[in-house]
Amino acid sequence: MLMIIFAWISLFFSTLLAPSKHLWSLITGQGFFIAFFSMFWMFLQDFNFSNSLFFIDKISGPLAILTCWLFPLTMLASQSKMHLEPTARQRAYIANSIFLQLTTLLAFSSSDLMLFFIFFEASLVPTMIIITRWGAQERRLEAGTYLAFYTMLGAIPLMIWLLKFYSTHGSLLPSLTNTLHILQASTNYPGLFWAVYNAAFLVKLPMYCLHLWLPKAHVEAPIAGSMILAGTLLKLGGYGILRTSSLLQEDTLNQTLLIMLIAIFGILATALLCLRQTDLKSLIAMSSVSHMNLVVAAALIASPWSYSGAMAMMIAHGLTSSALFCLANTLYERTNSRTMVLLRGTLMIFPLAGAWWLVVILFNMALPPSINFAGELLIMASLFNWSSIAFLIVALNLIFTTSYTLYILWSTQRGPLPDHIKTLFPLQIREHLLFFLHILPGFLLILKPELIF
């Protein structure tokens, strides 16, 4: 673990010292080296590799690997726009991305509650800088403000709870796994207690009603910001809920029924909102909210199946939505528009990109035997076990998800080419490699899904 952290820190020195000609290739190469090295965590999960500060187990392992894997992909995706900027700004951008992914990785792997909270909050700073400095439009400052206020307001109850825990037990240092069995707080309102200390995670996921910052942040962020937000930052919320879920007392689900109803309503409402979107990035952001509300529902049910389903859902969504943002970005770089009416007919110009669109969209629809399907199946089965009515309501989501994913495919790929588009430069090998590396882990997990269950 420490070796990988040192490798991440060495990336900072590479960013500062690398000659400008080889800057991107060197950082991307180093990122892939770290990503392949982190694959060994897959085999360490069984005996909970840990030391006093960091540990890797079945919950944090897959998410930590996802974080390491997405970093070189963000570097691949950012090159075409960023290499036009002055070298100093390029270095600042790369350093920000490294710092963001490093704080996320440390949050996933920290064994100490306070360290987890510090890294969880620290990831806000580079995210804001990336959105407000390198975002494309003038509303990026508003997006940064939304992100900051939602995150900080959600974090206050969590911090108070951590201080209370510290004053009761004298330490936050024992690893999360050891502390949680003594945390069964005797409270008259377990549902309210659950909602309050999970507020920070529910904002980060985000749960419906707390999600307004997400479409703004995604639409305004540059491609690396969108990829990291969708791929790993939303998963911090899911990880926090799964990690602290042993706090739930047996009857808490009855107490948190309101949150469950909001989550179920959010799954359907955001899926229907996707059908009304005209902005491609906004649509993909809304679909993220729909998928993450399924994770909230799974975490509330708190059965082994639902936890496995939530884990599979988070990994699958991290890869799929990141790939969708990359595909949207390739169109945006060529047409300078995210309006879906102006992107139609691209299948005729980019036939191979049409194939990538189809594969990624089939993954997003949770087509069997994809890992997205496995995650949804496990969550649906545990929902049915809890309440058949809830299962029937959430099952409508399958129809809505299929309809909006087909709507994306039809509106971007089919139809006549807009008259104002005269010429578009073809996709580069770098971009094909980027899509392939997003889809490859999805296909490999079909063959061995127990790695993330």
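Numbers run from 1 along the shown chain.
Yeah, the Cβs are placed from backbone N, Cα and C, and that goes for glycine too.
Here the structure is a predicted model, which means the values were calculated and not measured.
For 1-106, the entry in TrEMBL reads domain 'NADH:ubiquinone oxidoreductase chain 4 N-terminal'. Taken from TrEMBL, the feature signal peptide applies to 1-18. Taken from TrEMBL, the feature transmembrane segment applies to 27-47, 59-78, 98-131, 143-163, 192-214, 221-242, 257-275, 282-301, 307-329, 341-363, 383-410. The feature domain 'NADH:quinone oxidoreductase/Mrp antiporter transmembrane' is assigned by TrEMBL to 110-395.
Among the stretches 59-78, 143-163, 221-242, 282-301, 307-329, the one making the largest number of Cβ pairs under 8 Å with the transmembrane segment (257-275) is 282-301. Here the transmembrane segment (282-301) does not lie next to the transmembrane segment (27-47) in space: the count of CB pairs under 8 Å, restricted to residues six or more apart, is fewer than 3. Each residue of the domain 'NADH:ubiquinone oxidoreductase chain 4 N-terminal' (1-106) gets a DSSP state, and the totals for helix, strand and coil are 85 helix, 3 strand, 18 coil.
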